[in-house]
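Following: one structure in structure tokens, then a few remarks.
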């Protein structure tokens with residue numbers, strides 16, 4: 001399996017997981033269809049599945065066109081069946097989604113939205129976190145509560161440290177400014193910021209991160225308590 005980052009819209013990331021042996025793929029959160037189709041056509045790959053972490057338009061905007069073009073099945077959270085366009089397959093917390101050679105465990109991680117999920121592709125040691133966990137940050141709380149978001153982050157935090165994190169946006173530089181402002185003596189964070197700057201100078205994605213890196217550097221995962229997390233989230237909203 002190969003994971004390919006697809007840049008979409010202004011700062012979104014969609015992801016293709018490609019089974020190179022079968023020349024088929026699934027796509028995570030297609031913000032728009034065009035860049036996904038271009039990659040698939042350039043590589044002569046057939047799209048079989050569309051996986052959505054949540055219902056926001058910048059994560060499902062390509063569903064309809066991709067489904068019509070490839071006959072791909074759309075997978076999303078059962079509680080969002082009326083909000084995810086073209087949905088076919090409903091999944092819930094702790095389910096294992098397994099089609100072809102694609103296997104992922106589903107975690108329900110409400111907070112950013114009430115129906116947010118992540119896809120943990122355990123064989124690939126990779127988790128697709130949408131807008132819940134970012135590199136050095138976390139998503140804004142639009143529908144859920146502070147408690148829900150904190151507990152959702154704790155679920156992701158518990159994954160193996162070597163797990164790679166693929167999130168929904170390139171927000172890492174701005175997130176790093178907030179982290180260092182509130183964690184000025186964190187040497188691991190200083191090293192990570194240097195690497196982030198080097199990647200961005202070369203127009204490279206700062207993604208993936210890893211659970212280990214986020215445990216060392218992400219102030220939201222290091223907050224310690226729900227109360228501290230809530231205060232930090234409020235500060236970030238006005239940063």
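Along the chain as shown, residues are numbered 1 onward.
Just so it is clear, glycine is given a Cβ too, placed from its N, Cα and C backbone atoms.
Just so it is clear, the model here is predicted, and its values are computed rather than measured.
Of the residues 98, 169, Swiss-Prot puts just one in the Zn(2+) 2 site with 58, 59, 131: 169. Site annotation (Swiss-Prot, ligand Zn(2+) 1) includes 54, 56, 131; from 46, 112, the additional listed residue is 112.
The DSSP secondary structure for residue 131 (Zn(2+) 1 binding site) is coil. Take the binding-site residues 54, 56, 59, 112: by the count of other Cβ atoms within 10 Å of each Cβ, the lowest one is 56.
Across the structure, residue 131 (Zn(2+) 1 binding site) and residue 169 (Zn(2+) 2 binding site) are spaced 7 Å apart at their Cα atoms.
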